[in-house]
Amino acid sequence: MNEEKAVVVFSGGQDSTTCLFWAKKQFGEVEAVTFDYGQRHRREIDVAQAIADELGVRHTVLDLSLLGQLAPNALTRRDIAIEQKKGELPTTFVDGRNLLFLSFAAVFAKQRGARHIVTGVCETDFSGYPDCRDVFIKSLNVTLNLAMDYEFVIHTPLMWLTKAETWKLADELGALEFIRTKTLTCYNGIIADGCGECPACALRKRGLDEYLREKAEVESR
């Protein structure tokens, strides 16, 4: 285990909760930071706080409500439908979200004496979001180091994992049932298996079904 301190960018969803469990295995001290960016489902923040409390992780919520003013999107405005037109990004994409989240997380981490930042971005199942790409994360890592003259390391443990592989990692961390029943991924604000209809729920369910099927096949041999 690395005895250094890490900050996890934390939403209370499947991916960031998996990253929180991962970070607790990897680092001597872990904190979680959640951003209030005007998301229409405020329950996300409550879920993040509840999970952090249960895991004994210090949790901070930072106000980034200006993001909803700058970049209208389906995650902050109920009058914008969750959809994806051919050749376009989904309406759930928030311009600059990960750029701002990671930049503010870096400032927060430096003030806490932490070099390590953990985020659940993933290029394998990223819905075309440009700020989930590995090249962006590597570029931002260099920029943050130059901007603050500080040796940050941004960790992306899910970057090259499919959703099924993310569930496998959760299982290996001993957290599958916890993540399955206590996290909030659903765009409609429903904990655990969610609404079953939005893109986030569909991706989550497809990955879980695939992993459980593969696990059952291995165990039956």
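Think of each number as a place in line: the chain as shown, counted from 1.
From the backbone N, Cα and C atoms, a Cβ is placed for every residue, glycine too.
Going by Swiss-Prot, these are the annotated features:
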| type | residues | note |
| --- | --- | --- |
| BINDING | Phe10, Ser11, Gly12, Gly13, Gln14, Asp15, Ser16, Thr17, Thr18, Cys19, Leu20 | ATP binding site |
| BINDING | Cys186, Cys195, Cys198, Cys201 | Zn(2+) binding site |
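Locations of recorded Swiss-Prot features on the structure.
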{"residue": "Phe10", "record": "ATP binding site", "DSSP (3 states)": "coil"}
{"residue": "Ser16", "record": "ATP binding site", "DSSP (3 states)": "helix"}
{"residue": "Cys186", "record": "Zn(2+) binding site", "DSSP (3 states)": "coil"}
{"residue": "Cys195", "record": "Zn(2+) binding site", "DSSP (3 states)": "coil"}
{"residue": "Cys201", "record": "Zn(2+) binding site", "DSSP (3 states)": "helix"}
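In this view, the densest Cβ surroundings among the binding-site residues Phe10, Ser16, Leu20 belong to Phe10, judged by other Cβ atoms lying within 10 Å. Most Cβ neighbours within 10 Å among the binding-site residues Cys186, Cys195, Cys198, Cys201: this distinction goes to Cys186. Taking the centroid of the Cβ atoms of Cys186, Cys195, Cys198, Cys201 as the Zn(2+) site, the other same-chain residues with Cβ within 8 Å of it are Thr185, Tyr187, Asn188, Ile190, Gly194, Gly196, Glu197, Pro199, Ala200, Ala202.
Packing around Gly12 (ATP binding site) is summarised by its Cβ count: 25 other Cβ atoms lie within 10 angstroms of its Cβ, all protein chains included. Sequence-ordered, the extra residues of this chain that approach the ATP site, with Cβ no more than 8 Å from the Cβ center of Phe10, Ser11, Gly12, Gly13, Gln14, Asp15, Ser16, Thr17, Thr18, Cys19, Leu20, are Val8, Gly120, Ile179, Thr183. Cys198 (Zn(2+) binding site) sits 15 Å from Gln14 (ATP binding site), taking the C-alpha atoms as the reference points. If you take the Cα of Phe10 (ATP binding site) and the Cα of Cys195 (Zn(2+) binding site), they are about 21 angstrom apart, rounded to a whole number. Candidate binding-site residues: Gly12, Gln14, Ser16, Thr18, Leu20. Nearest to Cys201 (Zn(2+) binding site) by Cα distance: Gln14.
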